Amino acid sequence: MNRIEKIFGILLIGALISYTEVIGKCSSREFECLSGKCIQRGWFCDNGNDCGDNSDELYCNIGRRDRCPTGWKKCLNEIRCIPANWMCDNITDCQDQSDEKTCVYGECSGDFECFSGRCIKRRAFCDNDNDCGDNSDERYCNVDLRDRCPTGWKKCQNEIQCIPAHWMCDNITDCQDQSDEKNCGNEVLRIPGVVTARLALIRWFLQKRLNSTTSKWGPQLNRIAVALHLAEDGVFALESNIRQEMTYELTIKLLNKLNNERLNAEELALYIHALLVTCVDVRDFYGRDLVEELRAKVEETRNYTNPFLMLVLCNAGDAMTVKDVEKVVAAFNSPKKIPWTDVQALATMALACLSSRQNVPVDEGVLEDMLGQLKRQQFSNGSLNNFRTTALVVQALLIHHSYKTNFDLTSAIRILINSQEMESSLLNAYYVLPILNNKSLLNVTSAHCPRETKTEEEMLQNLLEKNGEEVEVQYTIWIGNNVNLAKIWRVKIPANLTVYDVIETIAGIDNRQRAEYSVVDGKPYITAMNGMENDPEMNNYWFPYLRLLNSDEKPRVIKESPVDVRVQKNQEIILWYKPGPWSNQSIASALPSN
């Protein structure tokens, strides 16, 4: 079993455990108990055990550090959880009413909608007077620099005031520093209906999430991830559940494809774009350099190279060459390719990316000629053949604000907005949504991701791993406090593997030692081995330990996930099934010697 197979196997197990959900059968006016029983919604958190299993009272008064179960959301006061589908449904369920406070219902037109649903005049917003009655019109007028705006709101440039997002670039000044109207010179966000359409399309994408246990976002996940990233700057913030879920599913899908089939260049390119925006290292994807692999596929092509591949390589930071420029220009001038205009738009964006590289000479006159040819293909109604082509061309014309001359941007944008209101295909929406945030495929990047600084020791360890160094470790299973049964394996493994890698390696040698896991915060923790499960009634659990081989030292319990602990040379990994350390039985027993 190779490493990709092992890693894919455990990720798939983790996905099944982490994201299993029960499809509800109760109405929106009812609460579904864990037993499946439906009770009146008004009985939820009323201090009465109406479910019979107490599930209607289980998360009504929790600790601030406690987490809600899957499919539930925390109220703003952080002491109660409610079903996620109860958020923003015009029924108050949180004690602090926060489940209805940050919702945008769109009923107040150009006025301000209070969290209570009441409408007040827009000029009464942030006037130091509680016109809403619930103070929601004044609540975010003077916030701390570190505070975040609620969903559907944006921070002014001074970072001390939040305003409804659909007020940005609407020709009415709302920010104290006037920044909501200052950065609208590109004209895209100033077109009426753009911000509202963008928010509606984001919701449309989020509603694509399925109830499947292993494929919540479907086969077009890579495009959905890119579209959402380009549509909303904060959608993949590190604490975002959406990012974590998409990253997990992307990893599972790609590992499966890499292990079981040959990806073509275009499929690999789509995955690289999605991994970039979800902050996955495309240069070290479980030991594989995906950018290098895409480059190899591109070099294999003859006569014609898809310009999208060149755009992805450029966005991923690959070293670009004069030969790449020639391929992109040739693709633009290749009339045999259908649909030609789509290819030309992608080629124009690829050339613009190449021109941004200091070491790649690009004739700016050629780029201007490309942009000019795209403009000349616009029809009198503002479209270019179809919705997808129109969207791709508008994305390309965002380069150097090229739409400002000889192009009817307003008509083109209105056609795109109308197309989404009438009927949205996922592919069309994927191309349209970035435009509504003044973005294009040129803006796909990992620049928003945190950079981890590696120590000299870590860099040396990585070097050793690449040079193929192996280390010998011992893997031991203990049963019971007195070690009534012990099994021992000695294996040589590549340097820099984790405890989790060793566990899966042994499972590949002896499938009776296959572990089962519970996934917490996206990381696996052992819950069963060889049919022996964590048993809370008997207080028996699996605990991983480490110690040096042939030493008299007591084993050290591993508190982290096995995937976070790297194995060192001459270490012994011990999986020990025993009473929890908090029990009298465990405390009374001494650790066995080696």
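From the backbone N, Cα and C atoms, a Cβ is placed for every residue, glycine too.
Annotations in TrEMBL come from automatic prediction, not curation.
Of the residues D318, D324, D342, TrEMBL places D342 in the same cyanocob(III)alamin site as N386, Y525, I526. Disulfide connectivity taken from TrEMBL links C353 to one of C279, C314, namely C314. Here C38 is paired by TrEMBL through a disulfide bond, and of C26, C33, C45 its partner is C26.
For C51, the disulfide partner recorded in TrEMBL among C33, C68, C75 is C33. Of the listed cysteines C114, C119, C141, TrEMBL assigns the disulfide bond with C126 to C141. Every protein chain considered, the tally of other Cβ atoms within 10 Å of the Cβ of C314 (disulfide bond) stands at 25.
In this structure, C45 (disulfide bond) belongs to neither helix nor strand by DSSP; it is coil. Site extent for cyanocob(III)alamin: the farthest pair of Cα atoms among D342, N386, Y525, I526 sits 53 Å apart.
If you take the Cα of C314 (disulfide bond) and the Cα of I526 (cyanocob(III)alamin binding site), they are about 41 angstrom apart, rounded to a whole number. When the Cα atoms are compared, C353 (disulfide bond) and D342 (cyanocob(III)alamin binding site) turn out to be 17 Å apart. Listed in sequence order, I503, A515, E516, Y517, W542, P544, P562, L575 are the same-chain residues six or more apart from I526 (cyanocob(III)alamin binding site) with CB atoms under 8 A from its CB.
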